[in-house]
Amino acid sequence: MSLFPSLPLLLLSMVAASYSETVTCEDAQKTCPAVIACSSPGINGFPGKDGRDGTKGEKGEPGQGLRGLQGPPGKLGPPGNPGPSGSPGPKGQKGDPGKSPDGDSSLAASERKALQTEMARIKKWLTFSLGKQVGNKFFLTNGEIMTFEKVKALCVKFQASVATPRNAAENGAVRNLIKEEAFLGITDEKTEGQFVDLTGNRLTYTNWNEGEPNNAGSDEDCVLLLKNGQWNDVPCSTSHLAVCEFPI
């Protein structure tokens, strides 16, 4: 049997064995893909460790979140402009008669106070032993003799003023009251020869004695009511009867 016909087959087997041992599958696919086929991929291995955090990304657009809960009520706002007045309502029914209070409660507090004040003034008037009333004035005296300044102070103490006749009737009442010459509430202390009352008003009534006022001695700044009802100017430092007038 001849060996030559089997020689080519033997050489081919040797080349194939040698190539399979030295060449990888990847290289074989590159060099001889049509001849040698690689086997199927192996099983996946275990997951590796987490990598490091990447760089911070850019801010995203606002998302559409869920609607939140209703918040608490806000502060009370300023009052609005007043509205127009409404039309008058219907007339109500007639009420029952009220009950009048009894005794002292029938007087309001202001009325009681006024009454108490008036009673206090009357008590002061009663401290004088004599008095005359003309119209809405009381002319009263306690019979004391004193200077003009003391007469003014006495009358002020009793919430009164020095007697100042405004007409013949008042002048006559004071004349009938006195038994001594009395000071009147009239002076020319501020302007010589210009007699005024103690509030500074010019006189609208006078009843000067003949030849008066004459300012004898250059210091007669006060006025005296004589027993005959006429007036005379005298020094304010002299002492005479005190007569006060009280408005009523």
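Start at 1 and count along the chain as shown; that gives each residue its number.
Placement of Cβ uses the backbone N, Cα and C atoms for every residue, glycine included.
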From 112-130, 150-168, 169-187, the residue range that Swiss-Prot assigns the feature coiled coil: 112-130
Of the candidates Cys222, Cys244, the one sharing a disulfide with Cys236 in Swiss-Prot: Cys222
Cα separation, Pro79 (4-hydroxyproline) to Pro73 (4-hydroxyproline) (Å, whole number): 17
Reduced DSSP assignment, Pro47 (4-hydroxyproline): coil
